[in-house]
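S.K.: What TrEMBL records for this protein is below:
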type	residues	note
DOMAIN	30-473	domain 'Major facilitator superfamily (MFS) profile'
TRANSMEM	25-43	transmembrane segment
TRANSMEM	78-99	transmembrane segment
TRANSMEM	111-130	transmembrane segment
TRANSMEM	136-158	transmembrane segment
TRANSMEM	170-189	transmembrane segment
TRANSMEM	201-222	transmembrane segment
TRANSMEM	352-374	transmembrane segment
TRANSMEM	380-407	transmembrane segment
TRANSMEM	419-443	transmembrane segment
TRANSMEM	449-469	transmembrane segment
Amino acid sequence: MPKEHFDEYQPLLIKDKKRPKVRGSLLLAACAACIGGTFQYGYNVSVINAPTVYVQTFINQTWRERYQTEISENILTLLWSTIVSVFTLGGFIGATVGGTLSVKLGRKGTLLTNNIFALAAALLLGLSYPTGFFELLIIGRLLTGINAGIGICVQPLYLGEIAPTAFRGVMGMGTSVFITGGILTGQVIGLKELLGGEEYWPILLSTTCIPAILQLLVLPWFPESPRYLLIDKGDEDGCKIALKQLHGTDGCNGELEDIEKERDNLASFNARKPWELFTDRTVRWQLLTIIVLNVAQQLNGINAIYFYADYVFKQSGIPDDKIPYVTVGTGACECITALTCGMLIESLGRKVLITGGYTLMSICCILFTLTLTFQDASPVVPYMSMACISGFILSFGLGPGGVTNILTTELFTQTARPAAYMISGSVNWLSFFFIGLVFPFIVIRLQHYCFLVFLAVCSSVAIYIILVVPETKNKTFLEIQSEFQSSNNRKACSVEVTAILLNTGSIWL
C-alpha cells in the first residue's frame with residue numbers, strides 16, 4: 001500500500017484500536033443492580049394479575065368470618081383496587097426519596113438498602129393468608145411499590161455512571177430489558193402449572209424476596225459508582241480502584257479523565273435539589289424534556305393495548321383458558337424488542353429510535369382504531385387487530401420503553417442527575433396512577449376511539465423530540481450539556497430578533 005494511503009487510514013486504525021471493550025465484570029455489575037432494581041418493578045406489576053380471583057375469594061371469606069355477613073360488591077372492588085393501586089403510591093414515595101438516598105448512601109448503598117422493603121413486603125404478603133389479615137396485602141403492596149420506586153430511580157443512575165461513554169446506551173438498556181424480563185417472569189410464574197393455582201397464591205406474591213436475596217448476595221462484590229466516589233465524595237483512590245475493576249487497567253484512564261473534567265466543571269456546585277432545577281434556566285429544556293417523555297411513557301396507550309388484548313384474543317377465537325399463554329407471548333415479544341433496541345441503540349442513536357418508536361405507535365393507533373371499528377366486518381379483521389397489538393408493543397419496546405430512562409441519565413450532569421431522577425420518577429408514577437384512575441372512564445366514554453387520544457400524544461411527542469432533543473450518542477455529559485446550552489442561546493437570540501423585528505414593524509406603522 002502506498003505511504004500516503006497508509007497515512008490516510010492510520011487515524012482510523014488507531015481509533016479502532018483504542019475502542020473500549022465491555023468487560024465481564026461490568027456486565028455482571030449491571031445485572032446485579034438490575035435484578036433487585038427494575039426487575040422488581042416489572043415483576044410486581046405483572047404478578048398481581050394471576051391471583052385476582054383467589055385474593056378476592058380470600059377477602060370475602062375473611063370478611064364473612066369477622067362480621068358474619070357477606071361483603072358487598074362495592075367494598076370488595078374498593079379493597080381489591082386499593083391492593084392493586086397502592087403499589088403506585090409506594091412507587092411515588094420511593095421516587096421522591098430515591099435521589100436523596102443515592103446522594104447520602106451512594107448508588108450501590110441505596111440499592112442494597114432498598115432490599116429491606118422487598119424482604120418486609122414478601123413477609124407480609126406471605127403471612128396474609130395464614131393470619132387471616134387481608135390488610136397485610138395492602139401494606140405489602142405499598143412496600144413493594146416503595147422498593148420499585150427507589151429501584152427505578154437509582155438503578156438507571158448507577159448503570160449510567162459505571163458505563164463507558166461508548167457503551168452507555170447499551171448499558172442503559174439494562175433498565176428496559178429487566179423491566180420486560182420481570183413482566184415476563186411474573187406472567188410465566190403466574191401460570192396454573194407453576195404458582196398460579198389457588199393454594200399457591202401467597203407463595204406467588206412472596207416470591208418478590210428472591211430477586212432481593214440475589215442482589216444482596218451478588219452486588220456487594222462490585223464497586224460503587226466511580227463518578228459518585230470522585231465527584232460527590234472526593235475519593236480519588238476509590239474511584240481509580242472502581243474503574244480498574246469495571247473497565248480494566250487499559251480502559252480506566254480515558255474514563256478517569258472524563259470524570260475529572262466533569263468534577264472540575266462542577267467544582268463550585270453541590271448536589272442539587274429538585275426545586276432548584278425548576279428555577280435554573282440552564283436546564284430548563286432538559287427538565288421539560290424528561291417531564292414530557294415520562295408523562296408520555298404512561299399516557300401513550302401501552303396500558304390501553306394490554307386492556308384490549310384479552311378482548312381481541314377472544315374475538316380471534318382463542319379459548320379463555322389459553323389467553324394467559326398468549327399474554328405470555330406478548331410479554332416475550334416486548335422482552336425480545338428491548339434486547340433488539342439494546343443492539344441498535346449505539347449504531348442508530350437514541351433520537352432515531354425514540355422518534356421512530358412514537359411514529360410507529362401513532363400509525364398503530366390509527367390502524368387499531370379502524371380494525372376495532374370494523375371488528376365484525378370480516379373474520380380476518382380480529383387477526384389484523386392482533387397484528388396491531390403486536391406492532392404497538394414492539395414499537396414501544398423499540399423506542400420509548402428503552403430510551404426514556406437513558407435520556408434522563410444523559411441530559412444532566414452529576415450534581416443535577418439525582419434530582420432529575422426524583423422529578424422524572426415522580427412524574428412517571430403520578431402519570432401511572434392518573435392513567436389507572438382515568439382510563440376506565442375514557443374507555444366507557446370513547447370506547448375504541450380512545451386510541452385517537454393516544455394518537456395525539458404519540459404524534460405530539462415525536463414532533464417535540466425532532467425539534468428539541470439532540471442526539472446524545474457517543475457524547476460525554478459535558479458535551480451534551482454544552483449542546484443544550486448553545487441551543488438555548490440560539491432560541492434566546494431568535495426570540496430577541498423576533499422582538500426587534502416586531503418593534504421595528506410597529507415603528508414603521
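Quick reminder: no glycine exception, Cβ is built from N, Cα and C everywhere.
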S.K.: Are there 3 or more C-beta pairs under 8 Å linking the transmembrane segment (419-443) with the transmembrane segment (380-407), counting only pairs at least 6 apart in sequence?
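M.R.: Between the transmembrane segment (380-407) and the transmembrane segment (419-443), contact is absent.
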S.K.: Pop the mean pLDDT for the domain 'Major facilitator superfamily (MFS) profile' (30-473) in here, whole number is fine.
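M.R.: For the domain 'Major facilitator superfamily (MFS) profile' (30-473), the model's average pLDDT rounds to 85.
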S.K.: Which bits of the chain, at least 6 residues beyond where the transmembrane segment (419-443) starts or stops, bring a Cβ under 8 A of a Cβ in it?
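M.R.: Contacts of the transmembrane segment (419-443) (Cβ under 8 Å, skipping residues fewer than 6 from its ends): 85, 88-89, 91-92, 94-96, 98-100, 102, 149, 152-154, 156-157, 271-274, 276-277, 286-287, 290-291, 293-295, 297-299, 303-304, 307, 408, 411-412, 450, 453.
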S.K.: With an 8 Å cut-off on Cβ pairs and a sequence gap of 6 or more, do the transmembrane segment (111-130) and the transmembrane segment (449-469) reach 3 or more such pairs?
M.R.: no
S.K.: Which one, 25-43, 136-158, 170-189, 201-222, 449-469, has the most C-beta pairs under 8 Å toward the transmembrane segment (78-99)?
M.R.: 136-158
S.K.: State the non-local partners of the transmembrane segment (25-43) in its own chain: residues 6+ outside its ends, Cβ under 8 Å from one of its Cβ atoms.
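M.R.: Distal contacts: 91, 108, 111, 114-115, 118, 144, 147-148, 151-152, 154-156, 158-159, 162-163, 171, 174-186, 208, 211-212, 214-216, 218-219, 221-223, 245-247.
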S.K.: I need to check the long-range neighbours of the transmembrane segment (136-158): which residues 6 or more away from its ends have a CB within less than 8 Å of a CB in the stretch?
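M.R.: Cβ under 8 Å, 6 or more out: 33-34, 36-38, 40-41, 44, 48, 55, 79, 82-84, 86-99, 101-102, 107-108, 110-111, 114-115, 117-118, 120-125, 127-128, 172, 175, 179, 205, 208, 212, 225, 405-406, 408-409, 417-418, 421-422, 425, 428-429.
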